[in-house]
Amino acid sequence: EPPDLHVIHQRIQGNVEVLQDFVAKREEGRSRQEYLALLRRDMAAYYSYSDFLLTKLMDIFPLPELINFLEANEVPRPVTIRTNTLKTRRRDLAQALINRGVNLDPLGKWSKTGLVIYDSTVPIGATPEYLAGHYMLQGASSLLPVMALAPQENERILDMCCAPGGKTSYIAQLMKNTGMILANDSSAERLRSVVGNLHRLGVTNAVVSNCDGRQFPKVLGGFDRVLLDAPCSGTGIISKDPAVKTNKDENDILRCAHLQKELILSAIDSVNAASETGGYIVYCTCSVTVEENEWVVDYALKKRNVRLVATGLDFGKEGFTRFRDRRFHPSLKSTRRFYPHTHNMDGFFIAKFKKFSNAIPQAQKEPAAEVAAPSTVPDTVMEPPPKKKKLEGSKADKEQKLPQPALKKKRSLQAQRRPLKA
């Protein structure tokens with residue numbers, strides 16, 4: 001028979017209550033591990049998550065908060081738009097949309113450009129205002145990294161993974177179309193939407209490029225600021241992509257973390273520490289896993305001459321400085337985590353670095369030497385066999401190879417020794 005979801009939900013609530021006050025409420029003879037195993041099995045059945053992902057989430061969140069997180073992922077996030085101040089003002093845009101039958105509000109005190117849409121009689125992605133480039137459909141959480149980056153006018157900025165162009169266009173409007181933005185993405189297909197959005201929004205200071213982010217700064221370096229919105233497992237946007245509940249495993253997380261580590265070192269190397277106004281790198285993901293966030297940031301702190309600085313965002317939860325058996329640098333307190341159940345936006349992580357030297361620490365060169373060593377090994381392995389053959393050759397062969405005078409000398413010496421041996 002199919003499981004009774006109502007019964008399972010009640011059992012989840014009951015077990016969470018027991019686990020919060022385990023000594024007083026537990027059944028005799030049952031261990032905490034039994035309760036946790038049953039709870040995980042019930043949550044997997046009720047919310048349709050894989051056992052692997054639930055185990056990960058149970059490590060990150062306390063149990064009552066975990067239930068709130070899972071519930072929040074069942075509800076879509078509010079539709080939000082960002083006013084394009086290159087073409088209009090938020091007040092004028094709000095009035096124009098209200099006249100078209102759109103019910104909206106300012107996004108929050110923290111944003112001067114965002115509007116949240118409750119309902120609309122017209123499609124938000126096809127209004128005359130949208131087509132004229134007066135606003136961009138953009139999640140609330142994706143405004144935060146650009147605010148943390150705080151771009152200044154006339155700077156050179158790299159947006160390393162820019163598609164579909166929301167953050168790039170936000171950077172352009174904060175810079176008032178001055179300076180230069182390099183909008184890069186490794187996917188040529190996704191760059192089409194970037195080009196379309198930049199044209200529609202009237203951005204004139206952006207150059208679009210199609211490179212692997214790991215190739216910077218070989219392509220171009222010396223930027224004042226870099227924004228790295230790294231590819232990730234998407235565990236913070238489950239409400240948008242429910243497939244994440246079941247299609248991720250340990251290898252997916254570690255593969256993402258490895259790519260993120262390569263990208264973050266490349267982003268740091270692309271920044272000029274001597275920049276008069278900048279020298280900053282903002283790293284962000286739409287994931288809640290520690291392996292893709294604090295772990296990557298801690299790795300960058302060890303590998304490059306950077307330090308973490310305040311993001312400038314006065315809300316959000318502090319990043320982890322310790323997680324299970326791992327200990328991270330104390331400055332990770334200045335990183336920020338955002339969750340669907342507490343901030344009503346996609347799960348997001350943001351860290352801001354300040355680069356204080358262009359020199360790469362010596363420790364970075366050791367792995368390179370280790371990697372280079374195997375390429376010389378085949379040569380040393382291949383050389384001995386010929387020597388071995390020479391040793392194994394007969395005396396006659398050796399004698400043939402000797403020059404004629406040397407051969408005569410050798411034989412005369414042998415003749416002199418014979419009487420002595422006799």
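Using the three backbone atoms N, Cα and C, a Cβ is placed for every residue, glycine included.
The following features are taken from TrEMBL:
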{"type": "ACT_SITE", "residues": "C286", "note": "active site, nucleophile"}
{"type": "BINDING", "residues": "C161, C162, A163, P164, G165, G166, K167, D185, D212, D229", "note": "S-adenosyl-L-methionine binding site"}
{"type": "COMPBIAS", "residues": "391-401", "note": "compositional bias 'Basic and acidic residues'"}
{"type": "COMPBIAS", "residues": "407-422", "note": "compositional bias 'Basic residues'"}
{"type": "DOMAIN", "residues": "69-356", "note": "domain 'SAM-dependent MTase RsmB/NOP-type'"}
{"type": "REGION", "residues": "365-422", "note": "region 'Disordered'"}
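Between C161 (S-adenosyl-L-methionine binding site) and C286 (active site, nucleophile), the C-alpha separation comes to 13 Å. Long-range C-beta contacts of A163 (S-adenosyl-L-methionine binding site), restricted to its own chain and to partners at least six residues apart, with a cutoff below 8 Å, comprise D185, S187, R190, L191, S193, V194.
Over the domain 'SAM-dependent MTase RsmB/NOP-type' (69-356), the average per-residue pLDDT in this prediction is 92. Take the recorded positions C161, C286: by the count of other Cβ atoms within 10 Å of each Cβ, the lowest one is C161. Considering only the binding-site residues G165, K167, D212, no residue lies within 10 A of the residue listed as 'active site, nucleophile' on a C-alpha to C-alpha basis. Around the Cβ of G165 (S-adenosyl-L-methionine binding site), 28 further Cβ atoms fall within 10 Å across all displayed protein chains. When every Cα pair among C161, C162, A163, P164, G165, G166, K167, D185, D212, D229 is compared, the largest distance found for this S-adenosyl-L-methionine site is 20 Å.
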